[in-house]
Amino acid sequence: MSSKTVFRVALRGEELLNNPRFNKGTAFTVTERKAFGLTGRLPSKVNTLDEQCERAYQQLQNRDSDIRKNSFLQSLKNQNMVLYYTLLTRHLRELIPVIYTPTEAEAIANYSHLFRRSEGLYLTFPDQDSMEQDFLEQTKGKDIDLIVCSDSEAILGIGDQGVGGIGISSAKSVIYSLIGGINPAQTLSVVLDVGTNNEDLLQDHLYVGWRNKRIRGEEYDKFVDKFVQLVRKYIPQCLLHFEDFGVTNAQALLRRYRGTHAVFNDDIQGTGAVTLSCVMAAVGVTKSKLSEQRYIIYGAGSAGLGIARQLRDAIVSTDSMPKNEASALFYLIDKHGLIKQSLGKANIRDDLEEFVRPDEEWAEVKENGAGEIGLLETIRKIKPTILIGCSTHAGAFNEEIIKAMADGCDRPIILPLSNPSKLVEVDPKDANDWTQGKALLATGSPFPPAKMPNGKDYIIAECNNALIYPGLGFGAIITKSREMTDTMIIAGARRLASLSPALKDPDDALLPDFADAPEVNFEVAVAVAEQAVEEGSANVTWKKEEAREKVRQHIWRPIYGEYVYDKDGMA
Ligand SMILES: NC(=O)C1=CN([C@@H]2O[C@H](COP(=O)(O)OP(=O)(O)OC[C@H]3O[C@@H](n4cnc5c(N)ncnc54)[C@H](O)[C@@H]3O)[C@@H](O)[C@H]2O)C=CC1
Ligand SMILES: CC(=O)C(=O)O
Ligand SMILES: [Mg+2]
């Protein structure tokens, strides 16, 4: 869209001012004000977008806490979409933490108390008879490219948040538009309200969701299936993004639908991809190969297993190592300690099977009172080169753990990825200090730089799936791929790794800065599109060489168009 783009718009007066997609507020021109019945509804001054942005930024600064800034931005989004995205684009680095992790976690946890206005599509279990109608109300006549949905069971690291999970669907959609360039008018955020097991919410008389225990089993599967089949029937070309489901459902839904629709689980695949990029950059610094590492993954849920599989698959394809040998490089630790045979079926999910350690390997190692092998014992025995945290266990990587990592190798790669910031397994500043600057670090939420022993700043890369999923999604959407294949994801991860600042300067950040996320995701989208065309996943007639131009042409940017009144125009 350029500033000269002309839109034929059917809305007038209040209706136009109340529609965030078309509202320009004081930026409506004199001609538009006359044509749309706005002259008496606005103060006389016509502002530029720059002036509106300056004013909005000042108003934002007057909010004295991040959660109040989050609420302000939420209101702005509901008033004027172009202004909202322009403001975010101009202050990207500063405002991403306000609209995403960590602040969005607080907004979601307080959803019912902060509630002012609905957003997106609420599909509630007892209302399932009207699901088709409810779905069509919000999708009919719209050219939806992307649906982000959550059932809110595992929101960031803060667990079950019931209907408040609409906040993560919305935040992830915003990131798609802001960083990935997907037109926000072509996205839909959905919450599947199947109840909640969060007692605080169930006891809260202001809770706005369905006050019922979480539905499980067949009833749950049927409800979700009804939704997925509506997506397949009415919007077969759209990408369906699953966010923050509980681990069992997350894995099962991905397995069930990935062969028949372009579905994507961000916590499994997005996190796997960004972590692969980060680890590729880190082993570039240590001048070693992926297959030469020993990996501990602390927290074997959606993210942990997604990361293990993604790294393992990359080892197989990059270093030509057989799959079973590559799997054997991984040591997964969960609530019951190291995942080894003797934990038994009751404590090991089926999907972890390929990473279960044999008991004999640990015969000499001292177990704790509960018969478990802990993180410290595992580190001491295997001397890992890489430690990844996705456990929600704040502070789990204490000084003893970090020092044990540094005892076992020269440059330990330590990635405490749990969100929000307060749940991080170790503050990166501490990990840096305890290893005298030797650790190569990245976190899931933003952290300030640490000081190297030579006094220089060490930038803590943000290893968050938001650095890659917008590009992965855009690449799949633009190629109309009916499946998001593993090879498309790996192509995106490789491209991201190739942009690592640490490749040029080993003391620099492992991943690009979030301020550069739009350019980075453009590259990721191009790589994914090229791969989709090359491997035949794409449903387009253009060639791989055209991918860059196609992505460029389709990127949405927040710019006001010129409006002409037309009673049959857009509404
Ligand atoms: N940086 C990023 O891009 C991402 C970060 N995450 C973060 O990772 C964390 C986990 O997310 P999910 O995998 O979606 O949740 P999940 O609930 O699927 O997995 C968490 C796992 O950690 C285990 N765990 C809990 N306490 C533990 C302890 N004391 N010791 C060892 N294991 C323990 C749980 O049993 C579970 O298996 C969250 O904080 C989330 O915000 C998740 C996705 C992306
Ligand atoms: C980043 C993300 O997806 C999470 O923390 O769940
Ligand atoms: Mg998530």
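Each residue, glycine too, has its Cβ placed from N, Cα and C.
What TrEMBL says about this one:
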{"type": "DOMAIN", "residues": "77-258", "note": "domain 'Malic enzyme N-terminal'"}
{"type": "ACT_SITE", "residues": "Y100", "note": "active site, proton donor"}
{"type": "ACT_SITE", "residues": "K172", "note": "active site, proton acceptor"}
{"type": "DOMAIN", "residues": "268-533", "note": "domain 'Malic enzyme NAD-binding'"}
{"type": "BINDING", "residues": "N419, N464", "note": "(S)-malate binding site"}
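Locations of recorded TrEMBL features on the structure.
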| residue | record | Cβ contacts under 8 Å, 6 or more apart |
| --- | --- | --- |
| Y100 | active site, proton donor | A171, V174, I175, A466 |
| K172 | active site, proton acceptor | V148, S189, H241, E243, D266, A466, Y469 |
| N419 | (S)-malate binding site | T101, P102, A105, L156, G157, G444, S445, N464 |
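Checking the recorded positions Y100, N419, N464 against ligand 2 with a 6 Å cutoff on the Cβ atom leaves N419, N464, in sequence order. Taking all protein chains in view, 27 other C-beta atoms sit within 10 angstroms of the C-beta of N464 ((S)-malate binding site). In the three-state DSSP assignment, the secondary structure recorded for N419 ((S)-malate binding site) is coil. Among the recorded positions Y100, K172, N419, N464, residues whose Cβ is positioned under 6 Å from ligand 1 are identified as N419, N464.
According to its DSSP assignment, the residue listed as 'active site, proton acceptor' is helical.
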